[in-house]
Structures are given as structure tokens and as C-alpha cells.
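*Asks:* Right, I'll just put the structure down here and ask away after.
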Amino acid sequence: MSVVNLHSLDIAVIAGYFIFVIAMGWWVYRNTRTGDDYFLAGRTLSWSVIGFSLFASNISSTTLIGLMGTAYTTGISVANYEWMAVFILVFMVFFSIPFYLKSGIRTIPEYLEKRYSRRCRTYFSTLNIFLIVFVDMAAGLYAGAMALQLFFSGLELWQLCAIIAVVAGFYTASGGLKAVAYTDVAQAVILLIGASAITYALLAELDFDWILALAQLPKEQLSLIRPLNDPTLPWLGTLVGVPIIGFYFWSCNQFITQRILGARNIKHARWGALFAGFLKVMPLFIMIIPGALALLVFPDIANGDLVFPTLMVELLPAGMLGLVLSALIAAVMSSVDSSLNSASTLITLDFIENPSKPLKPEQTAKIGRILTLILMTISAIWAPWIEHFPGLWFYLQAVLAYAIPPVVVVFLFGMLWKRGTAKAAYVTLWVSHLSAAGLFVLTMGGFLSLHFTYVAAILFVVGTIVYVAVSLATPQPTADQLRDLCYSKGASDEAEQGDVALWKDYRWQSAVLVLFTCVVVILFW
């Protein structure tokens, strides 16, 4: 695909987008004074803001480009990540969210301190910061800048990385989580409009005959289930590996869950998570299936990563191209701003703030802003270097499948099993990660051939065995140690303490969302 020359109308639309997000950050800054304001938006986020922000933070540039590209080359099985997220979000609504909000934590690693010990919190927070800064944030910047180079040929990769990092860093440092969440709402809307515009333009090329177009695709292209030996996403890996990775991403990762912690109350946190679940079904219809249908209109695209840019350039008129390009930029910005805010939150609250000598609210906000600017600089410098070390980047991304399962074991059993102990959690993290390191060396060295979803499942089983064995060999936690931190059959919440209209009851909302998702999955099974 050749470099694209943008129309002046497209440039004006993009400029308007940048002005909007900067103005939003400045507007929020005026009401952001304390650490609670900065890191948790003053715990004032409504369900709609939470839902849109969760969705926008999840749809990075790599996701937007990757979903269409993978659907084009291998079919719609990539949607398994999307619908599986719905069930994880529903699990969060019933279990994770009550524990997180009732315990009053400000960071997700803090839950591990309350449930287990300080050293578990420190261990996981260190890991979470590393993954956020060097994998999540770098991925968003690098992949986004690479895609944008097709449209801004006059700028070098490092210049694009710097521009994105500076703009995202400005409004994140200014307004903290509230600025991130409110700009994410706008960015989510732009993402949905942009993807819908491409879908509409593509269907116009197919005479708006959705059914006939789908009938022309190979049957395996429209199936969520792939063969057991499929290199992309085997069906067994979908069942045993994807839920583990998804649980970490949605329930344990500060990058995502910070919005939940900033909710005005447990009801809005639950409604926001369920709203995000509904939004997660939409990519199948406006990103993934269009990627598969692009095969009928543009059958000769050599690289899947060029499917989204090709559809933009070939199908969209001036002005609309600028809007969709703004959606791509929004995808980059929403992942970068979330990374900056969550990493600065973890460093400030988990490492700098001393429980015995707490900082003043104004001090924590100031430290958070300084850290955001420092992290912005690190990301702007680090991301362009990925181009020169492709092997290193491959290993960093692969680390996710190896690092996540032990964390999931510790969180999941900590929430659901009262017998789990602090020593078991700490030993599980160390033993499982040492096992993961050995498995990583064997796999990357070519001695083993394992799909990353199988790796996640194996390490989850290893972690479970270690956790259960050590827990049974150590004293059980007391009831006071477990209060508001572990599942109890007699636990009550707002929905059970009084009459609630069905449409407001999170249990009915969850049932409708699960039913809707199951229908969609069955249709494309």
C-alpha cells in the first residue's frame, strides 16, 4: 500500500480531534486537586463513563488493525476474545467488583495486601508496572505510529510516537483518571462511528446484501471454532487458555480496573462493566466480519495489517477518512492514556506513599502528575527502538502468556476460597513464575512447541496445585482477615436489600447479556 495524501478537510477533522482532547484535559484539570481526584476521579464515575472507558481502553490500535487483519487472513475466530470477555465481565459483576469496592482499595495490588500480605502486593505491582509500561504502552505507541506513517509520510516514526505521547501525557497529567475516562467516552464514540462507517462503505460495495456476501465466504472463514492444530487459535486453547488471559486483563490489571475503582458506587461499577460487555459484542459486526468480507472486495491484500488502512483509503470520501483516521488515533490515545495513568497510580500508591506516614492529598496528585510526565518521556523514547529489536519485542509480548496465569490463580482462589493463605499466594507466584521461565526457555529455544493458550492453561494448573498444597499445609486465615475480601454465601448487597426494578437489577441485566452473547456465539459456532 502506497503512502496516502490527506485532503485538507481530513486534516481539519484530525486537528479538531486533537484540540478537543487537549481542551477536555484542561477542563478536568481545574477540578482535580487531591490524589483521590487524580487517581480515582474522586470516585464519581457513572456507569456510562465506566463502560465507554473500559471499551475504549481495550480497543487499542493493535486491536483495531489486528481484528480486521486476522479476520481477513484466518476468519472470525479472533472474535473469541471478544465474546469471552462478556463472561469474564459478568463474573466480575458478581465477585470481583464487590470485593474491590467494599474493601476500599485504590489499586488492584492493594487487594492482595488486604487478602494476603504486603509482599504479595509489592510483587504483583512490580510485575503490573513492567507489563503496562514496556508492553501495553509501547505496543499502543509503536503499532499506532506505524499505521499512521501511511498517512503522515512527512513524519518519522519517533516523531509520531512523540506527538501521541505528548498529547496523551498532557491531558492525563492534567486531569488524571477523570480526564482519561471522559476523553475515552469521546474516543469510544469516535471508534464506533469510524468502524461503522467502514462497515457501511464496505456493504455498499456488496450492494448491501449481507446474507449473500456471507454466503460467498468459505465456511471455515465464518466459524468461531478452529481445528485443534490451528496456529492462530485452536478450539481447545479458546476454552482453556483465553479465559485465563482474559480474567487477568479485565479483573486483575490496573490498566483496566482503575475505572471500576473510580465508580461512584457498586451499582454504577456493575452497570458500567455490563455496558462494556454489551459493547464488546459489537466488534464482531463492525470490525471482524467486515474484515472477513473485505476478502470479496479486495482479494489481493498481501498483509493482514493493511486491511483496515486499505478499506479507509479506498472506500471513504474526504472528511469521513479524517473521522476514521481520528478513530485510529483515538485507539492509540486511549491505550496510552490508560497506561500512563495506571502506571503512575501504582508507583505512587504502592511504592512512594508510606502507610505509616501518608502523604497529603495534594502531594499525591503532584507526584502522580510528575510520574505521568516521566513515563510519557520513557514511552516516547522506548517505542521507536522496538523497530530495531524485533526479536526483543516478540519475547516481551510472549511474556504475557507466561506471566499472567500465576496471578490469576492467586486472585481467583483468593476471592473464592477462604482456605487460601498468604504464604500459599507468595509461594505460588515465585514457584509458578520460575516454572514459567523454564517453560519459556524451552519453548523459545525450539525444544517444545506449545500454543500460548496451552502455556497459560499448563501454568494455571501448576499454580493451582502449588496454591492448594501450601494453603492446606499452613494455618487458615481468620474471619476478620477475610471480611469483604472473599466470597460468602450469606453476603448481601444493594440489590438484595430492597426492591429493585428488573431493568436496574444487575442479575437480570447479566442474564440478558449472557443470553444475547450465547445466541451470537451459537449463530457463528
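Placed from the backbone N, Cα and C atoms, the Cβ positions cover glycine too.
OK, TrEMBL features for this one:
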TRANSMEM  6-29  transmembrane segment
TRANSMEM  49-71  transmembrane segment
TRANSMEM  83-101  transmembrane segment
TRANSMEM  157-177  transmembrane segment
TRANSMEM  189-212  transmembrane segment
TRANSMEM  232-250  transmembrane segment
TRANSMEM  271-298  transmembrane segment
TRANSMEM  318-336  transmembrane segment
TRANSMEM  367-386  transmembrane segment
TRANSMEM  392-417  transmembrane segment
TRANSMEM  424-448  transmembrane segment
TRANSMEM  454-473  transmembrane segment
*Asks:* Looking at the transmembrane segment (83-101) and the transmembrane segment (454-473), are there 3+ C-beta pairs under 8 A, with each pair at least 6 apart in sequence?
*Replies:* no
*Asks:* Does the structure show the transmembrane segment (424-448) and the transmembrane segment (367-386) touching, where I'm treating 3 or more Cβ pairs under 8 angstroms (sequence separation 6 or more) as a contact?
*Replies:* no
*Asks:* Are there residues at least 6 beyond the ends of the transmembrane segment (189-212) whose Cβ is under 8 Å from a Cβ of it, and what are they?
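*Replies:* The answer is 17, 52, 55-56, 59, 64, 279, 282-283, 285-287, 290, 293-294, 296-297, 308, 311-312, 315-316, 320, 323-324, 326-328, 330-331, 334.
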*Asks:* Check the transmembrane segment (6-29) against the transmembrane segment (318-336) for contact, please; criterion is three or more CB pairs under 8 Å, pairs 6 or more apart in sequence.
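*Replies:* Contact between the transmembrane segment (6-29) and the transmembrane segment (318-336): present.
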*Asks:* In the same chain, who gets a Cβ under 8 Å from the transmembrane segment (157-177) while lying at least 6 residues past its ends?
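*Replies:* Long-range Cβ neighbours of the transmembrane segment (157-177): 18, 21-22, 24-29, 32, 37-41, 45, 141-142, 144-146, 148-149, 183, 258-259, 262, 329, 332-333, 336-337, 340-341, 345, 365, 368-369, 372-373, 375-377, 379-380, 383-384, 387.
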